Amino acid sequence: MRDLRANAIILIAYLIVGVGSFLLAIPPGFLAPVWLPGAVGLASVLIVGHRALPAIALGMFALTLPYGLYVLDAGLDRSLAGSFGLAAAAVAQAVIAKRLIHPGDRSDLSLESGAQLIRLIAFGAIFASMCGAALASAWLTIGGFAPPQLDFFTAFLRNWTGNAVACASLTPIILLLFASKRVSRTRKRNVALAFLLLCAIGIGLFSLARINAIERRDELFNAQVTEDHIALQERLNGARRRLESLEGFFAASENVTRDEFEIFIDIAFGQFDSVNSVHWLVVEDADSRSSHAILAPVDHLRFDTRRRIPVAPGRRLVTDFYFEGLTDLIDDLLASGTLSASSLRGDDHTAWLALAIPAFSGRSLPDDVAQRRENLQGIAIGTFRIDAILTGSFQRERQVYNYRVNGLAADGSTAWQYGSAPADSPLATSRELRLGGQIWRIDYVATDRFLAAQQDWVSWAVIVVGLCFVSVLNALALLSTARTDLVQRLVDEKTVETLALSRNLSLILEHAADAIMGLDADGRGVLVNPAAAKLLGYEPEELTGRNVHDLIHPVDMDGKPHARADCPLVLRGRESDQHSGVERFRRKDGSDFFAEYSSEVIRDTDGRSLGDVTIMRDITERLEAEADRDRFIERLTRANEELERFAFVASHDLQEPLRLISNFTGLLASRYNDNLDEAGRTYIRHTLDATVRMQALITDLLAYGRLNSDVDMMNRDVDLAQLVTSTLDTLGPSVQAARDNIKIGPLPVVRGNPARLGQLLQNLIGNAVKFQPVGQDAHITIDAEDIGDAWRLSITDNGIGIKPEYREQVFMPFKRLHSPDTYPGSGMGLAICRKIVESHGGVLTVSDNEPCGSVFRFTLPKTGPDKQDQ
Amino acid sequence: MKMPRSAKILLVEDNSGDEFLVRDAFERGRARHELEVVRDGEAALQRLRGLGEHAEKPVPDLILLDLNLPKIDGRDVLKTVKTDNSLANIPVLVLTTSSSPLDIENCYALHANAYLTKPFDALGYEEIVDAVESFWFATAVLPPHGNGTH
């Protein structure tokens, strides 16, 4: 469907420019100086490829067939054959051009590079059209379809030049208009309009010149014809005068001998070369016998034997010269009483004309026919060869015109009599010739030679060269503007983008919460956004164009005045173009505030500073809040430290008296045992038990307090598997007994404090062993799992478990769920464990184990505790 | 006993209970000894440097030093003694309640010759004194101070 449409469009264009080319063709011979269909064919095969070939073939066929039929009158079969060959040649030319030029894609048709243009001209316009011309000319001349006067070389040259000129001049603009994507539609339309307008103007001027030239040519033709026609008339008049002189000759002498007649004729007609024969026909009475011979009888005139033609009663015209129509001529002669002419006689080659003139007795011409018959003395008849008369008269025949002599009957009808001339010449004229009662119409038909000689070559040249020039010029204009168009299009697109960007930027600037200021290289404000103006208490206009540093930044962080050259915001001379920090700024009302700022130097392409852009944010509140927080943290830390120190010192100092109590009670028991009764010894024993328990409490409390004091040992690689093994070794005999029931999974290496982690494991494993129902063996599983950025270790036992309501309480210092008599211990173990895990950045929890016992799980980050603490 | 003369022991201890226990333990021990007691760190340093009332006193053979002392802390006393060339060769045995690893580490870092924790039970002092006597007075050879004075 697309092919069909493309072919239809190409065909229509082909036919239109083909008809135009025919109109531009120069008569005679109709040389087409520009064969525009060649250009259309080349362009279309380049644009749509071989799909264009049917249209080219059909177009060529349709264009040339009527030419053969009607212009060359070659007959249907010869015309068909000729057109067929020409169509084939056009297709061959297109294929050759396509193969040679072979555009990779449509962008090659934009003709942007000189190489593309040269390839198009060299291959498409010159070489391919040469091939096409050679094929077409060979077909026409060898096949005999061309007019006989057209030889191969002439045909080839005409065909080639016409084709090449059209291809070279018109193809580029067609390609640019229909194939180039670089050229905008608007420009294509404008250039096409301009192109068509110029073409129309050219064609109009050409038409005016042509009309003018034709008028001048016709005038010249008519003048020359008239001149020759007058000469013809003169020549015939000469013949007439000579015949009339013959009349006088006979009137003068009654009796003329044959010799005298011949001498006279010789004198009268000697120089008149078209005369065929001259006769003197004498009228005699019935009894008289006289006669005159003919002069120089011409062989091809057939003459009868002597005849006698009665003209009046008793009078007869004696003649040995006779032709059919002679009696009619005599009748005409008697009727008119003067010179009469016969119609043309003979055939095409030997046509002749008889002119007769009567001689009457008496001075004057008798009035009526009967009297004339009575008075008729004789008739002089001359026969003249038409060809000689005409040749002698027509100086320009065959150079300027061919002629045709037609007899004009009384009823107005014409009949061809002599001469040949083609009927279809664009220039012909007719003249009437009257002689001796006969009327002829002579058709003068301009010869090709005359037409060619009178051709206005200048206007042809102007129109052809002009059209080529205009199309080439427009193509060049399109080519040169294509790039401009592209650039313009890009500029337009970029402008739209830039406008959108600048709109967005100004929106951002307008609505930015941070203050944004642009300063030029001298520190004058160029751009101040509303947030900046509001922050500084100025109107934006008050800051633009003024030295901003002196206005808003007169003092440094400590409140001391400083010059702009010392200002940390002024970035010239700095190694980096970026700078940020905190500075003290001043509002319009004189109040100061602290702002965090970030400045960056803006440079041009040569690296020169154009100024800088500073973004700032009021951090006064934040600074105050930070200071509050820091103070709070400091207070808290101090309180905490005091508390811990208090606990540590207290527990340490508590140890002293306790130890002395224990020492002296012990001395009492050992040295005064015998002096005491049973009750006294029991008291001492209870006292010692209490001191032991209290010492355990104090030891654990000290250990708990010390956990914070050795953070510097937190960041070592700890192999947990190894640590578990060594921990099990250090645990008491109850654990050693249960060791077979302790399962240890694969354990990782973590970062932390080995001693603390050992204490953690010791406490947890010790608990697992300790908190067992009486008589039950402990089964303990120690395992680890990877939970991404941390390890989770679990210690699972089958012990007595922990009720849900106590799961948090067990981690509190000195919290016990059982009496020391049931399960000994200070109640600090799990508190210490949780503190160790937390100081490593982990979490320690406990949950139920099924069906009995507990699972203690704690996490240890893979990165180590140092990062987690901060 | 190998030791022909009595060992001069300086006990730096603020607590009279402990002083009593130490003295009791030494008296129950086998070695001949002279136990001198100062109550605080400042007095200890004055005694060691032969200042004031201590001008004519001999340099002790062994110092038993508590850490938690009034005025100058026992740790500072240890540091001063061990950095003073004329005193540094006197063996210093730290005798303290503290079992803190930090204290233990610090004291050895300050070149304490031994770190002993005060015992809880009644016979603990006797065991300590017994060990000190058998090691420092019987086994080890002490620096030759003679009966020299300052």
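Quick reminder: no glycine exception, Cβ is built from N, Cα and C everywhere.
Going by TrEMBL, these are the annotated features:
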TRANSMEM  A:7-26  transmembrane segment
TRANSMEM  A:32-48  transmembrane segment
TRANSMEM  A:55-72  transmembrane segment
TRANSMEM  A:78-96  transmembrane segment
TRANSMEM  A:117-140  transmembrane segment
TRANSMEM  A:160-179  transmembrane segment
TRANSMEM  A:191-209  transmembrane segment
TRANSMEM  A:457-479  transmembrane segment
DOMAIN    A:501-558  domain 'PAS'
DOMAIN    A:579-631  domain 'PAC'
DOMAIN    A:649-864  domain 'Histidine kinase'
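In the predicted structure, the domain 'PAS' (A:501-558) carries a mean pLDDT of 85.
Counting same-chain residues at least six beyond the ends of the transmembrane segment (A:7-26), those with a Cβ under 8 angstroms from any Cβ of the stretch are 32-37, 39-41, 44, 48, 51-52, 54-56, 58-60, 62-63, 67, 162, 166, 455, 460, 463-464. Touching of the transmembrane segment (A:117-140) and the transmembrane segment (A:32-48) is concluded from the presence of at least three CB pairs under 8 A, sequence neighbours closer than 6 excluded.
Counted over residue pairs separated by six or more positions, the transmembrane segment (A:160-179) shares at least 3 Cβ pairs under 8 angstroms with the transmembrane segment (A:32-48), which defines the two as touching. Long-range neighbours of the transmembrane segment (A:32-48) within the same chain, counting only residues 6 or more positions beyond its ends whose Cβ lies under 8 Å from a Cβ of the stretch, are 6, 10, 13-14, 17-18, 20-22, 24-26, 55-56, 59-60, 63, 90, 93-95, 97-98, 101, 103, 106, 109, 120, 124-125, 128-129, 132, 158-159, 161-167, 169-171, 174-175, 178-179, 460, 464, 467-468. Helix, strand and coil counts from DSSP across the domain 'PAC' (A:579-631) read 12 helix, 30 strand, 11 coil.
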